[in-house]
Amino acid sequence: MASPSPPPESKGLLTFEDVAVFFTQEEWDYLDPAQRSLYKDVMMENYGNLVSLDVLNRDKDEEPTVKQEIEEIEEEVEPQGVIVTRIKSEIDQDPMGRETFELVGRLDKQRGIFLWEIPRESLTQEQRMFRENTNIIRKRPNSEEKCHKCEECGKGFVRKAHFIQHQRVHTGEKPFQCNECGKSFSRSSFVIEHQRIHTGERPYECNYCGKTFSVSSTLIRHQRIHTGERPYQCNQCKQSFSQRRSLVKHQRIHTGEKPHKCSDCGKAFSWKSHLIEHQRTHTGEKPYHCTKCKKSFSRNSLLVEHQRIHTGERPHKCGECGKAFRLSTYLIQHQKIHTGEKPFLCIECGKSFSRSSFLIEHQRIHTGERPYQCKECGKSFSQLCNLTRHQRIHTGDKPHKCEECGKAFSRSSGLIQHQRIHTREKTYPYNETKESFDPNCSLVIQQEVYPKEKSYKCDECGKTFSVSAHLVQHQRIHTGEKPYLCTVCGKSFSRSSFLIEHQRIHTGERPYLCRQCGKSFSQLCNLIRHQGVHTGNKPHKCDECGKAFSRNSGLIQHQRIHTGEKPYKCEKCDKSFSQQRSLVNHQKIHAEVKTQETHECDACGEAFNCRISLIQHQKLHTAWMQ
């Protein structure tokens, strides 16, 4: 009886090799026993699925007995270093109907080829018998052949199983579900990796540092930290990376691509992580919490930097002097001391600085900006450190303590000056890079810090100063320089403090408030004078008649009654006056057309439209004469 001819091969039927996974010798050695067991189970499951779905390329009349007939995968290491992995399924006892499926993973260790590609004369007798008696043996598909092509995106695949997996990207199919949380995945391997979240299993351990991972690919990437391997190189700049995704992100620098867009403000980012961090500015989310002080941060990097305050860690060390810093930015700024680099240039005066913060503070000299205001008294400052020092006046805080006698000071300069009592040091150095003269500061306080010594001399008039900044300001009297310009009216000033006071004319700002009556002033000196009304203090006394005044200007004007001095002279009629306001009122006579009779004071020359106003005015002269 003739043997029945094999049925024609149906279109779309699979061989077991279509869904088989092949390992190289190196990959197989890397797997632990549990992983090899998993591999065996998956291969058996795949074969069982093919048989149960009736898509296997075999006789339809044959009934598989998968459970009993699939033998264990045997792992035999041949003398030639070849892995032997078999799966056998005996269909029935009929020799013509018997079909043995064997997943042959025999790889030559040196050349990486399959068993059937080795010349027959090079095989052992056992290997020749195995190859010749195997009914279905197919070569591993050529890595260049990609016969399975995706109609959606055109991507090609060598294996049909990979092609099927890829199609789920387009269809969104996720047939593999987690029993714990119900989350579904497109691949069974993804489920296995995901389930380790629930079990806490981390089977992949680093041989270098002992760190464990739940996914093998994460371990491979991690080990590149130890080996220094960077297999992914940029074609544009030749920079290499340890991870492919890092290369993809890097290439956006060259292409300018920013695919991640913020839905709130429209700002785009090249990296998704940057978008996530940016979105926290809208949501206010701060998911990273410090376990020491409960402070929270929007970025993990900020938390890491903050935690060094508690640990005292200073990982960034200067190669020149050995000084260590908590942040890399601090180290970069410090290194400019050694290099002398000053990349930040002021466009107004050309002065350069090593830090951008120094430039910003300097530019406030030109703009007159004083953004730091004291909530207690309203005084404002151009630098935060100056405000901090000033606030100690209100709080009474004296953080600088003398180790010799225990006396405390609110400023470090006060402590330094005091310590010279103990050391008998008689010199008074001044660090101009740390502190600068503030016109609003008490001159008495500054003279206590820098007593007597005035080493800065003006070449024009010989006047000396204890601080170089004071000399620079003084020299503008001789040069006429007025570098501080009002942007509103164009008026210029020799000092930034003068500009600030002037700008309050435009803004109407009156930051100095009297606590007694609530009256406010644009200048601190006016507030001090006003407060004399409440205190009744009149420190300025006339030596001639004993009359006292709350202001020095009032005393000077009064003394002209005794001396007869009239320094204010009218250019029209040569008449002179003891007070400037009297001259101003007098000049109105020349400037305005007389439409009515005016009444002029014989004592000072001030004119009035009403006679009663003149009489009231003359009472001032008679009161002063008493």
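Here the Cβ of each residue, glycine as well, is placed from N, Cα and C on the backbone.
The feature zinc finger, as given by Swiss-Prot for the ranges 55-77, 78-100, 400-422, 423-445, sits at 400-422. Per Swiss-Prot, the residue from the list Lys160, Lys211, Lys323 bearing the note SUMO2 cross-link is Lys160.
Per Swiss-Prot, the residue from the list Lys11, Lys238, Lys295, Lys452 bearing the note SUMO2 cross-link is Lys452.
From the options 102-124, 148-170, the stretch Swiss-Prot describes as zinc finger is 148-170. Tertiary neighbourhood of the zinc finger (568-590): same-chain residues 557, 560-561, 598, 600, 604-607, selected by CB-CB distance under 8 Å and a gap of 6+ residues from either end. Most Cβ pairs within less than 8 Å of the zinc finger (260-282), among stretches 204-226, 288-310, 512-534, belong to 288-310. The DSSP breakdown of the zinc finger (176-198), given as helix, strand and coil counts, is 11 helix, 4 strand, 8 coil.
Counting only same-chain residues 6+ beyond the ends of the zinc finger (232-254), those with a CB under 8 A from a CB of the stretch are 221, 224-225, 270-271. Long-range contacts of the zinc finger (288-310) within the same chain, counting only residues at least 6 positions beyond its ends with a Cβ under 8 Å from a Cβ of the stretch, are 277, 280-281, 326-327.
Per DSSP, the secondary structure of the zinc finger (232-254) breaks down as 11 helix, 4 strand, 8 coil.
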